[in-house]
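According to Swiss-Prot, the features are:
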type    : residues               : note
BINDING : 11, 12, 13, 14, 15, 16 : ATP binding site
DOMAIN  : 3-194                  : domain 'DPCK'
């Protein structure tokens with residue numbers, strides 16, 4: 001089994017690439033999905049986040065993701081606080097999913113991890129696949145498709161490693177500055193070369 005580390009900045013198109021790789025037969029371990037699972041009601045991380053950040057619980061006890069994001073990405077210190085609470089739990093759950101992937105019989109496991117490089121998890125994978133798009137295009141996508149305001153989009157991008165560092169860590173780069181169809185053609189070409 002080959003393990004692919006799929007990464008890229010917010011708004012780069014990782015989800016599109018991950019979906020296509022799943023269609024092609026890869027076993028996907030999605031760190032963002034794991035991150036959502038670990039903050040569901042009743043999970044210890046949710047209580048810790050509520051203690052660390054003011055007003056991040058909805059009246060029904062679920063996480064107010066928008067408010068958490070607003071606070072957590074406001075300063076590097078706040079981002080570090082968020083990461084200290086969530087990342088150890090994400091790592092533990094992803095290890096469970098890696099085991100499931102190995103046992104599934106799939107030939108390719110894709111670790112869809114936005115912070116693969118920042119978190120020093122490159123050594124977990126055999127090949128680093130980076131989805132890349134210029135920052136301004138990513139900002140436009142975040143504003144138009146995810147409903148973020150421009151300043152929030154810029155803050156989130158600034159909280160991640162710079163594009164050059166990400167590209168330098170890549171074994172393969174998929175250029176998502178064009179159409180979705182062009183991106184999917186690149187994914188299919190990558191898959192065919194495995």
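Cβ coordinates are placed from backbone N, Cα and C, and glycine is handled just like the others.
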For residue 14 (ATP binding site), list the number of other Cβ atoms lying within 10 Å of its Cβ atom. 24
Using a 10 Å cut-off, grab the number of neighbouring Cβ atoms around the Cβ of residue 12 (ATP binding site), all chains included. 28
Surrounding the recorded ATP site, with Cβ no more than 8 Å from the Cβ centroid of 11, 12, 13, 14, 15, 16 and those residues left out, we find 8, 17, 131, 133, 176
Average model confidence [pLDDT] within the domain 'DPCK' (3-194): 94
Reduced DSSP assignment, residue 15 (ATP binding site): helix
